[in-house]
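See below for the structure under consideration.
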Amino acid sequence: MEFKQPNRPSYCTWELNATNSPHTCRTKNGDYTKIMPDILTAIGQTPLIKLNNIPKSYGIKCEIYAKCEFLNPGGSVKDRIAYRMIQDAEDKGLLKPGCTIIEPTSGNTGIGLAMAAAVRGYKCIIVMPEKMSDEKISTLYALGAKIIRTPTEASWHSPEAHISVAQKLQKEIPNSIILDQYTNPGNPLAHYDQTAIEIWKQCEGKIDYLVAGAGTGGTISGIGRKLKELSPNIKIIAVDPKGSILDPSSDSQNEVGFYEVEGIGYDFIPTVLDRNVIDKWIKTEDNESLNAARMLIRQEGLLCGGSSGAALIAALKIAKDIPEEKRMVIILPDGIRNYLTKFVSEYWMETRGFLQPVCQNEMNKWWWNMKISNLSFDKQSLLKENTVTCQEAMHMLKNADSQLLVISDDNIHIKGVISLNKLTSYVISGIVKCTDFVDKAMVKQYVKVKHSATLGYISRVLEKEPYVIILDDEHDDAFIGIVNQFHILQFITKNGTSNNYLIN
């Protein structure tokens, strides 16, 4: 099967200040004061809200306004492009009654497409990496979409990645179509025709800076192009998370890695991203971005998502040098609904080191301040990469006390974990074959805890996590073992009297 590149050269002929646009224009005509024919008509016309408390606390003099895209009916900025791509496909005769829409996505485009598919009567299959939140999955299921998960660690062009899996499905399913947000001109055009115009009118033509996260690049490219046409002096600021390569700086190309913030950043350059329209790139990190999102919620009452925090952090970094008479607009792409079990949860933030743990021994438990080294647990054997097949791994897991296998490339440091549930799911869904090496089903994101941590801290982490990986902080984070709630319970019941255990 020929792989369709999501980063192939763009054929767009748009030029700044051209007399005529080469594209079909779709303006927004919905009237919110009247009855609407369906929910899709309600997409767009999101409010522009002034930030007050946060700029004041940071000593920012310029005005900062937030475009609240999370107030779209599907909960994100991606509602706009989903509807636009469907409209364009229908007009071209590519999407007809009975068709199935397939889309590789980080979730929000999928939700927008599933919502539109529900209204229009199409079937919908969404292919998304496992990193994405359970809340997005639940929303997609509620809208009637089918969902296929792919390994987060898979590189964008690998057969296991969401793009390849979607293309494979499209070949197998009759009357199916991939609208392909990475290359579809309707992605940036939705923002060129509507979002940018809304911002311009809301600001009454007075806007000096636009700050937005870059994912597929459609949002910032479409808005940026239109605003540059309307006012050439506007500065377009793009936000790229550390671990992504969208920022064209030389360092960024060697920084490909995992990051928690969803919906922005990629390990390839999507076709629809026009980096020429961007004046400055700001790199952001998970810690600052997710805490900034919590700050937007707590201090401004804006129920936004994690990538909104990245936009805020980028804005604050440049706003400190911007004079009082200037005006900045930031895009808040999605909302809190998608992340209730992620950055909204203090447990989740603590276990990833983004918040200082709150470990108070309120019940005066005798074991609370004891070290992990007091626990009795077996160190799992470390398996070499590319030595065990999925079939062999399933057999090993079924016959072992542990439900986990540990992969290492040097027999000292852990590279990833294999769980029976995950491996079985991958085999059943066809993501991996029984004859594949088990590394393809390896999980690289897990909670790591230092050997010097207390049992109280571990017990708090294990309230939400099924297990934690213990590393030796005195010996270059060498793998020590895996601890779950059973190990702590076993220690308590073995070393404390039954009365003491019950009372404390």
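One-based numbering along the chain as shown.
Quick reminder: no glycine exception, Cβ is built from N, Cα and C everywhere.
Counted within 10 Å of its Cβ, the other Cβ atoms near Cys12 (heme binding site) come to 16, all protein chains included. Cys12 (heme binding site) falls within neither a helix nor a strand when secondary structure is assigned with DSSP, and so counts as coil. Under the heading heme binding site, Swiss-Prot lists Cys12, His23, citing experimental evidence as support.
Every protein chain shown contributes to the tally, and the Cβ of Lys78 (N6-(pyridoxal phosphate)lysine) ends up with 31 other Cβ atoms within 10 Å. Marked as N6-(pyridoxal phosphate)lysine by Swiss-Prot on the basis of experimental evidence: Lys78.
As annotated by Swiss-Prot, pyridoxal 5'-phosphate binding site applies to Asn108, Gly215, Thr216, Gly217, Gly218, Thr219, Ser307. The Cβ neighbour count for Thr219 (pyridoxal 5'-phosphate binding site), using a 10 Å radius and every protein chain shown, is 30.
If you look up Swiss-Prot, you'll see 375-434 marked as domain 'CBS 1'. Mean pLDDT for the domain 'CBS 1' (375-434) in this predicted model: 84.
Annotation comment: Swiss-Prot describes 442-498 as domain 'CBS 2', evidence class sequence analysis.
Take the CB of His23 (heme binding site) and look out to 10 A: across all protein chains shown you find 16 other CB atoms. Distance between Cα atoms for Gly218 (pyridoxal 5'-phosphate binding site) and Lys78 (N6-(pyridoxal phosphate)lysine): 10 Å, as a whole number. Annotation note: His23 (heme binding site) sits in a coil segment as assigned by DSSP. Long-range Cβ proximity for Ser307 (pyridoxal 5'-phosphate binding site), meaning a same-chain Cβ under 8 A and a gap of 6 or more residues, is found for Gly213, Gly215, Val239, Val261, Glu262, Gly263, Ile264, Ser289, Ala293, Pro333, Asp334. Taking each Cβ in turn and tallying the other Cβ atoms within 10 Å, the top scorer among the binding-site residues Asn108, Thr216 is Asn108.
Neighbouring residues of the recorded pyridoxal 5'-phosphate site, listed in sequence order and excluding Asn108, Gly215, Thr216, Gly217, Gly218, Thr219, Ser307, comprise Val77, Lys78, Gln181, Asn187, Gly213, Ala214, Ile220, Gly263, Ile264, Pro333 (Cβ within 8 Å of the Cβ centroid). With DSSP states grouped into helix (H, G, I), strand (E, B) and coil, the domain 'CBS 2' (442-498) comes out at 19 helix, 16 strand, 22 coil.
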